[in-house]
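Trainee: The structure follows.
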Amino acid sequence: MVQHCPACLPLRPTDSPLSSVAMAHTTPQPPATRKQGRLQERRGSNVSLMLDVSSLGNVEPICSISTPREITLHFLRNSSHLLSGERLQDAAQDTQALAAEFSKIPPNFVDQAELDIPGRALKDRYKTILPNPQTRVCLQKKGHDGDSYINANYIREYKGTDKRFIATQGPMVNTVSDFWEMVWQEDSPIIIMITKLQEKKEKCVLYWPEEEGQYGRFRVSVDRVTDCEGYTIRELTVKLEEELRCVKHYWYSSWPDHQTPACATPLLQLIQEVEESRRGLQSQGPVIVHCSAGIGRTGCFIATSMGCQQLESSGEVDVLGIVCQLRIDRGGMIQTCEQYQFIYLALAQYSRQLPQTPPDPEQ
């Protein structure tokens, strides 16, 4: 039973410098002409410097200046900031340090030239948010050999190789059947949706029925709907020919438009509910998570979930390391400084809820 969220203090400090820091990095600069050429001559290279990619406000796709891929991957593979539960409490309140830490993480976005797939652009919700080739999900439709593309990536468990999650964009009208193909192919028992259908503009199409509907090869029916604090659970049955599978759909619709939640409790409850449900299911396929672009709120959920697992197992957490690994698997995961700080604040709250380990009397 999910309890009602207690009265929560705002997670974001009143005078947080995050927005101003982020906006400072995105202020348009006047075009450089002759001076830029002289700068390149002094540097001996025209390779661009890495800039902060945070984009508070209503712009979901991030535009950034790229660094050479090998430098990006070296940073993402080797960066770490391991914190005990006690140190996490202090770090979560140091907004300037978090803004500086976040600004150094390369986004690892994909160039369109890396995905030379016919018809791909018609299946991308945002033209700059593309799946990283090494980890992208490829659909294996029988009799549809050239139609394997879906904007989705496998996300590994932290410091592991198992495909624990799939991060993907919100389905479009022309990709709904592909979405259900992926659910079936990967034997995914759980779908997590973290967006409304409309937030000033379309963020995701309705891809499940009121009661029962056909989506490509699949018949989907809704067996039960349960309203919880901040989210709704739908128990679905997916049918292909004579085979039936059960899928749980969690719709977390209370995440405010273009902001982060003022209270982390509903998110932490959802993470706990999903993990308990996952442990009790026969299928151990990856959990599918999506918002609209599949990198912002999706990244927040996955990073927080991984951080909770770290805190449970060792009492320590490495948010920087988690986000870096996420960006190796899917570029741009965690879009803003505000989202980055929210992960820290949510994990700090979760750490306080964990039972304290008594000191060893022999030490």
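Quick reminder: no glycine exception, Cβ is built from N, Cα and C everywhere.
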Trainee: Looking at TrEMBL, Asp257, Cys291, Ser292, Ala293, Gly294, Ile295, Gly296, Arg297 are annotated for substrate. Which of Gln214, Gln325, Gln335, Gln341 sits in that same site?
Mentor: Gln335
Trainee: Comparing the binding-site residues Ser292, Gln335, which residue's C-beta has the most other C-beta atoms within 10 angstroms in this structure?
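Mentor: Answer by Cβ density within 10 Å: Gln335.
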Trainee: Between Cys291 (active site, phosphocysteine intermediate) and Asp257 (substrate binding site), what is the CA-CA distance rounded to a whole number of Å?
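Mentor: Rounded to a whole number, the Cα-Cα distance is 12 Å.
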Trainee: When you measure from the Cβ of Gly294 (substrate binding site), how many other Cβ atoms are you left with inside 10 Å?
Mentor: 28
Trainee: Tell me the Cβ neighbour count for Asp257 (substrate binding site), meaning other Cβ atoms within 10 Å of its Cβ, over all protein chains shown.
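Mentor: Its Cβ has 11 other Cβ atoms within 10 Å.
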